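Asker: As annotated in TrEMBL:
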type	residues	note
TRANSMEM	B:21-44	transmembrane segment
TRANSMEM	B:64-90	transmembrane segment
TRANSMEM	B:102-120	transmembrane segment
TRANSMEM	B:145-165	transmembrane segment
TRANSMEM	B:205-229	transmembrane segment
TRANSMEM	B:241-264	transmembrane segment
TRANSMEM	B:284-304	transmembrane segment
TRANSMEM	B:324-343	transmembrane segment
TRANSMEM	B:355-374	transmembrane segment
TRANSMEM	B:394-416	transmembrane segment
REGION	B:436-457	region 'Disordered'
Amino acid sequence: MSTDDESFHPLGQEWEDELETMLDDTEYDSDLGMEMAKDAMRVTKGELSEADFHEKYHEDVMDEFGVDDRPTEEAYEEAKKNAGGFAEMLKSFDGDGDESRRDVMKKMGVGAAAVGLGAWGTAEGGQPNVADESGGHSSEAHREGDTQWGMAIDLERCDGCLSCVVACGEENNLDQGVNWMYVLDYEDAGADTSRNRLVRPCQHCTDAPCEKVCPTTARHTRDKDGLVLTDYDVCIGCRYCQVACPYGVNYFQWDEPDVSTEEIAEANDGEGDMMVDDRGRWVDSRSPRGTMSKCTMCPSRQDGFSGEEKVGTSACEDACPPDAIQFGNMRDENSDPQRYIENPSRGRALRDLGDKETTAPSLNAIEEDIADADADLASVLEASEDLDEETLRTMKAIEIVTEDFGEGDADSVDYEVHISDIFDLLEEHGLDLDSQEVLVELDLADEPDEGEEFDGADEGDAQDAIDDYDGRPSSSFKLLEDVGTNPNVVYFGNEPGPNAEQVEGPSAYADISYERADGSEPNLVDNRKEEVLDEGTVGDAGVSL
Amino acid sequence: MSTKTPSKADILRPIGTFSKKYLAVYSIAALGLIAFLIAWAYQLQKGLIVTGLGDWGTGGGATWGLYIGAFIWWVGVAHGGIILSASVRLLGMDRYMPVARIAEMTTIGGLSAAGFYILVHMGRPDRMVTSVLGHFHITVNNSPLVWDVTVITAYFVLSATYLGLTIRYDVNRLRDDLPDKFEPIYKIITFGYSEKEDEIIQRMVWWLAAAVIIMAPLLLHGGVIPWLFSLLPAMPAWTGGIQGPMFLSIALMSAISGVMIISYTFRRVYNWEHIITDDIFRGLLLWLGFFTLLFLWFQLQSVLNGVFLGPLNTAHAAEGKMAHPAYQVAMTMIFLTLVYIFLQAIRPALFSKTRALIASCAILAGTLTEKILFVVEGFFHPTFDIYSATPGTYFPSLIEILSLVGTVSLVALLFLNLAKLVPVVELHAIEHLTGGHDHEHGHEETTKTETEPEVKA
């Protein structure tokens, strides 16, 4: 940054020129913009007060834009209290979140916002995001976009069957012992040890240490959806990512992988080959020799190569019998994981009562059972084998607490639809589930006092009913959150403490096999070093440091 | 100490002679290097599975091991070497001038070995240029490994320039006594030389030395090398600001020991008792003692932090470290060496060059062990210590152990080759020992006449 150019901006004349060009592209007044930008800089230096700045340009801004949404001094103070500071204020200018930052800046057309605020960030110790210019390798704290794939995992529903580990090995043709997905039981002081279990995929951290330390950008975050991936064509195999990861989710390819790329491509002759993603980078399936691999959260699925219905799913999620894994977009409040996070006991009950493939009451059976029954609640419940009072109460309770019941594109909406179908069936039969009589009988509403009108279902009662049905999780947590990685996996259940130590689980890795593209069906391996790697060591001394 | 007067003939002796012993040592070193090159070729063919390494976590192994441990050890030797030589020039420690060039050459050798280890350690060394240099402008902002490579390269250039400039002076003055078969090399070294540059070169060398001394603790072995480990968030065995001073002390210990061993060898082979005097060994031994004391003090600091009232992850790491037999052996060895150094300082009769040699070897073995153990311990005691496979197992495979033989041979070969090409003791040192230029000129004439027949022959 030279001191002798005439730039007012700390990033120099070149940056300033670029912004001016950007402003010129807009329909708004570039001169005003640049003028405001200069003064914005003065504000950052303390030469001009925020209030004065606001006042000075209020009229001009009104003339130019017809609106001045710039925050007032009070709003500025408020924004300063939030960590976002001026970045938050930026949003008030525009932005429905769909546009790129550049578009937003163009639309704003306000130099003050574009240049001045950028300068503000710099003056406050932020740095220009060099990584953004590289394309593809972005420092995650700055990643924009609507999608961040992640998971909510209900540890209390996991039965330790290792189906997810198998599914992952099959989907990605992994070598033995390369457990991208890993499930373990552990002992811990104090806690109820019967429910101490951890499901451990890669956490796809927003601030991933593995990405930060990578000397090549092979380990990178995909801009469009926040997946932390390894470019197998770039990785030099220094293993620094494995060293820096606090969770131990990385697996190096120490020798030639068991399944060849030809075999993988042959087995996946659909739209994609399960290896190259939609940017043309080789990031999926097992890694080639001499490079690092880890759980990818199935980019080929997310890119639509495995069919539209597989977008927003992962192999482990699909395979989980008790539906303990909710995969989806962590930035969408209507995604499966976010709905689960918002109300985990609802998520549990919904799955048990809505999944017609497994545990939910059957529509046909109910229809047959109640065909000859009367239309009152007691008769219907008595006639139907699948429906009892608790089941129906919980189903109704789920509807009561759920906004936009049966709508949306999350996987769990199918469950809601199934429950909705059962309700329709009952309504057709003549049972009004929203009537005072039925709701009160199901303990989902209070009888109105004398002279008062019935005010419908009680959400508190509904939530209680749901909580009673499958129980509330003991706690929710993110793994090693204090390390500052910002993981994108949220857990429900017991959090392992610092003294937690793995013990044998209900299913032994060695007893379970998985099938790969080359037709081989090896067993799962837990300790890769002893069972696989030591065989290749030249002069294995059988001792350890 | 010696009645002999140091002369130019003395420092030219390694260049002019060729003995069976030299050939034998050269052959052994070449064999050592070739043996490892073959082993490395096998590793390239089979993959890194030939090592004893594994994945930390569920995999039950250590991600990094001897390769990285030896890498930081060699870098330490190199960095200590250049600091030693820079101190001589900058602080006017003329007493050590005869070993300054040996220290500089040790730096070049150490950095070569370290650079070699980077390649050997990689899963895909063929991508070093495209993947690392191609993204350098991005990764240099983040990755400590890239900082490392950058700074090591910078120091290699700095040290080579430094060495080159002083050799230039010598070669020009001694040209007539140097063998003609290397004429093209000498021509390159002395390209464009004029006597006017001597003064400028002296100043340049002084500034280079100043840069080395200032940057070494900030950036080099007290900076980027420990940061490779200490900045990581969840490996308590590595964490902490103490690693900076710790690494620096190890570098200086290793370098002084290395220089002592090499100096001892040259002195013995070429009868340089009057050049690399007992006095130099006594002095180096005292410096070694000083840095060893610092090292042990830092070890105490790092171990005590954690053992006393946690936090738990640090406590586990510290307890694991203290309980490790290899750690105990290494620390005992280093401590006993320190005791000897102090005793011989109090009672000079206890000094002997052989003992100094043994002390140096003990320190080098101790620091190498500590380095390898340090690397491996990080993976054995992570914060997320839940896996039953953690701490895992690691023992260097034969190929990894052979890499030590290979790199030591590499450095030995470097010295064996350089010794035949240029004086390993600089002319300045001789000038200094004989007390100034006037005296020197007289010598110059006599040596010229002495060597004339040789040149003719």
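Glycine too: its Cβ is placed from the backbone N, Cα and C atoms.
Just so it is clear, the model here is predicted, and its values are computed rather than measured.
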Asker: Please check if the transmembrane segment (B:394-416) comes into contact with the transmembrane segment (B:64-90), where contact means 3 or more CB pairs closer than 8 Å and the residues in each pair are separated by 6 or more positions.
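Answerer: Contact between the transmembrane segment (B:64-90) and the transmembrane segment (B:394-416): present, because at least 3 Cβ pairs are under 8 Å.
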Asker: Could you name the stretch, out of B:145-165, B:241-264, B:324-343, B:355-374, with the greatest number of CB pairs under 8 A to the transmembrane segment (B:205-229)?
Answerer: B:145-165
Asker: Thinking of Cβ pairs under 8 Å, which stretch from B:21-44, B:145-165, B:241-264, B:284-304, B:324-343 has the most of them with the transmembrane segment (B:102-120)?
Answerer: B:145-165
Asker: Restricting to CB pairs under 8 Å, which listed stretch, B:21-44, B:64-90, B:145-165, B:324-343, B:355-374, is in contact most with the transmembrane segment (B:241-264)?
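Answerer: Looking at each of B:21-44, B:64-90, B:145-165, B:324-343, B:355-374 in turn, the most contacts to the transmembrane segment (B:241-264) are made by B:64-90.
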Asker: Is it true that the transmembrane segment (B:64-90) and the transmembrane segment (B:145-165) have 3 or more Cβ pairs under 8 Å, skipping pairs fewer than 6 apart in sequence?
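Answerer: Yes, the stretches contact each other.
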Asker: By a Cβ-Cβ criterion of under 8 Å, what residues six or more beyond either terminus of the transmembrane segment (B:355-374) are in contact with it?
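Answerer: For the transmembrane segment (B:355-374), the far contacts come to 65-66, 69-70, 72-73, 76, 229, 237-238, 250, 253-254, 256-258, 260-261, 264, 281, 284-285, 288, 292, 321, 324, 326-327, 329-331, 333-334, 336-337, 340-341, 344, 396, 404.
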